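Below: the structure, in structure tokens.
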């Protein structure tokens, strides 16, 4: 049965405030799962199970699947599609409020458009060892972007600091119900071995990108004494990930000294 048929069968009305669009083509779901290269002993977290197209393909791998879905109105569809898979746990709750995501889990998700930014931050916070995520094409460009490009900014830096990223493939808007206004892209994220405090780091990155066209000297004005002798004439969008980490470490050490 097609996703659209399930929606009709249960009289599901899409909730605009949740930005609901559902993947309707199982070929795309199969390709995503193939890229994830899951093993039966893996623990997989899906954020936004929707109508279960991707969830069902994840279940077929034999891995333990924890599928989050904020809309309990989709329960009849998900329960019908997934009842034969004992390895699937449905959690009808907001992933952003989750408190017990398993360690060393893998995230495989079609990220809900309306909360992409907060969810990407949560993926970093939970330190998933790998993530295969489908996002809006424009968001994917920001995740993958390099210094000097218009799309390079806060999201590029926080994701690439903690993960190696690469583009896997594009997904046309025609593969969704209803058709969104934009195309999507599937991105792979592999965790790096870095020891950086994420909440503190994202605060610093947000600060240096607060006025994107201004120089570091302008955006770091309250902390200029900390960066004495450091060239702050460039803009944050011109800096590599490594250069930003160096600046962050100077700022972090200064904060630690001031608290002693």
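Please read every residue number as a count from 1 along the shown chain.
Placed from the backbone N, Cα and C atoms, the Cβ positions cover glycine too.
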For the S-adenosyl-L-methionine site that Swiss-Prot gives with 23, 48, 94, 110, which of 69, 72, 125 also belongs there? 69
Using a 10 Å cut-off on CB atoms, tell me which of the binding-site residues 69, 94 is the least crowded. 94
Restricting to the chain of residue 110 (S-adenosyl-L-methionine binding site) and a gap of 6 or more, list residues whose Cβ falls under 8 Å of its Cβ, or answer none. 23, 48, 50, 54, 133, 134, 184
Max Cα-Cα distance in Å among 23, 48, 69, 94, 110, the residues listed as binding S-adenosyl-L-methionine? 19
